[in-house]
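Engineer: Annotation source TrEMBL lists domain 'ABC-2 type transporter transmembrane' at 33-242. Annotated transmembrane segment per TrEMBL: 50-73, 93-114, 126-153, 165-186, 193-214, 279-305, in sequence order. Residues annotated as region 'Disordered' in TrEMBL: 366-390.
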């Protein structure tokens, strides 16, 4: 006797042979994923008021302190080195402010990301794309607030074009640092990420060209500054502040060696510094780091982490290519959504003692089973308890 004779109805088992299965990561359109994830990321940012106000307060507070410390030195020839240190420290503040905010937040969201990705709600690359796109406006806002405070308090050239170009360079620098923070936070556990993030920044502070010029470095180390994005931000800012054509700096003494901006740039070995090439290279750094950590996360099927409270990660999904995960998910679904014969012959473990209940749940049109009295066994009861009608 065929199973179709017992349970008449339309046979839909042929649908399981489709090559394209609906159970795939990110089954929705890219636009739909982008729209939903963008709204979600925006709500998460504005609802985390403690982090939001902390970031804003840190930029305002440090900006005021730094502005008062170096107040009015932007056009002072006697304090030219102090002004260069001020511009250098501005970049350091922006790097740490952008990096540490993501280093701490990304690991906290990883369990949710992995669970939702394994449930095929969205793809990992779309998640990190929306996270970057939504956080950029906030990062731009904080950076502009910081630049408005420090630029005018320190007495830099009161020219809107100079202010706009310096702020643009600072924004790109913040985005690049944010990308590094995402990569570090998604790679290791939070405790280690908090330590690794600043450690990765220290070499940039040393090799950016401010503490020691490139020509004075050992020959075998002179290539390192060219792979540090802080170098391009520092040189681009100095090229704008002390650009060619700027008049002499103020000098209250009989003689000031750095009264001419060209002499000061020559002393810093920055005579060949140009703004636009540095901005282009810094932008390339930011984009490449964004794409780099996103590609690594997508390729390994999740994130580079070894300690995460997720059942899927404990099974090892995070360290396997996505294709293997998709094949296993498809096989899992084929097992769960089997034909009627398979359902009848092999019910799940929790229904093996009552196959009639399993058939009734799978085929509502079938005759419902007659359930007998339930048996309750307490820990202190004998091994064979008597049935109890309740």
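Cβ coordinates come from backbone N, Cα and C, glycine included.
Quick one: where do these features end up spatially?
Structural biologist: Within the same chain, residues 79, 82-83, 85-86, 89-90, 93, 97, 101, 105, 138, 142-143, 145-146, 148-150, 152-155 sit at least 6 positions outside the transmembrane segment (50-73) and bring their C-beta atoms closer than 8 Å to a C-beta of that stretch.
Listed by sequence, the residues of this chain that lie at least six past the ends of the transmembrane segment (126-153) yet keep a Cβ under 8 A from its Cβ atoms are 26, 30, 33-34, 37-38, 40-42, 45, 52, 55-56, 59-60, 62-64, 66-68, 70-72, 86, 90, 93-94, 97-98, 102, 113, 117, 163, 166-167, 170-171, 174-175, 178-179, 182, 290, 293-294, 297.
Sequence-remote contacts of a segment are chain residues at least 6 beyond its ends whose Cβ falls under 8 Å from one of its Cβ atoms, and for the transmembrane segment (165-186) they are 90-91, 94-107, 110, 128, 131-132, 135-136, 139-140, 142-144, 146-147, 151, 156, 193, 196-197, 200, 229-230, 233, 236-237, 240-241, 275, 278-279, 282-283, 285-286, 289-290, 292-293, 296-297, 303-305.
Listed as Cβ neighbours of the transmembrane segment (193-214) (distance under 8 Å, sequence separation of 6 or more from its ends, same chain) are residues 84-85, 88, 91-92, 95-96, 99-100, 103-104, 107, 180-181, 184-185, 187, 221-222, 224-225, 228-231, 234-235, 268-270.
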